[in-house]
Amino acid sequence: MPATVICPSRAEEKLLRKQGFILIAGLDEAGRGCLAGPVVAGAVIMPPRLKGDWVEMVRDSKVLSPAKREYLYCHIVSMAVTFGVGAVDNEQIDSMGIAPATRLAMKQAVEDLTCQPDFLLVDYLKLPDIPLPQKGIVNGDALCFSIACASIVAKVSRDRLMSKLDMEYPGYYLAKHKGYGTALHVECICQKGISPIHRRTFAPLKGMIDGL
C-alpha cells in the first residue's frame, strides 16, 4: 500500500493574517545532509489568493519528481510577492557546522527578499539571528503551504547549482545524485579522491581523511 502524501495547508497563513500579519514568509533548506556542495535555503512570500491547478500540486519537494519541481518552481517564483535564496558553501559548513550554516543560509534568503516579511514560518528551526516574529513547524515542508513552496525553491535552486558544479568537477556525477551520499557518489570519491567542494567533516569523508 503506497504511503499517504500529505497536502500542505494554508491554515497557518490564514490564522496569522487574522492576527494582522501580511507579509508571511515560508523558509526551508535543501542539501543539509549532502556530502558535497552548499546548503541552500529558500524564502517565499506568497499572496493570500492563488488560482490554478498548480496550487493543489504543491508538496514537500522531497516527494516530487524533478520535472514536477521545475514546473512548480516556475509558477511559485512568478506568483510570489517575492522570493529569496541563500547558500553557504562546503568550506563554511566544515568551519561552523551544518546547523549554524543552515541558519545562515536561511538568514541570507530572508535578506534576499525585496521586502521584509513581518512573520516567518520555518521548517523545524528557530532563527535567533533574525529579529522577526517566527514559528518553527516540525515537518513544516509537508504541512504548511508557504514552507512547501520554499522547499521547492531551495531544492530547484540547489539542483541547478549542482548541475553547474558537475561540469566543473566531472567524474563525480554531481548532476545525478546532487551531492548526496549515494553508493555511486561514494564510489566516485574512492576512485577520484575528495574534491574542493566536498564536506570534509562529514562521514564517511572524515574517516577517509583521518585514515590517511
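Note that the numbers count up from 1, one per residue, in the order the chain is shown.
Glycine is no exception: its Cβ is also placed from the backbone N, Cα and C atoms.
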Task: Matching residue for the divalent metal cation site, where Swiss-Prot names Asp28, Glu29 - out of Asp123, Asp129, Asp159, Asp166 - done: Asp123
- [ ] Give me the mean pLDDT over the domain 'RNase H type-2' (22-212), rounded to a whole number.
- [x] 97
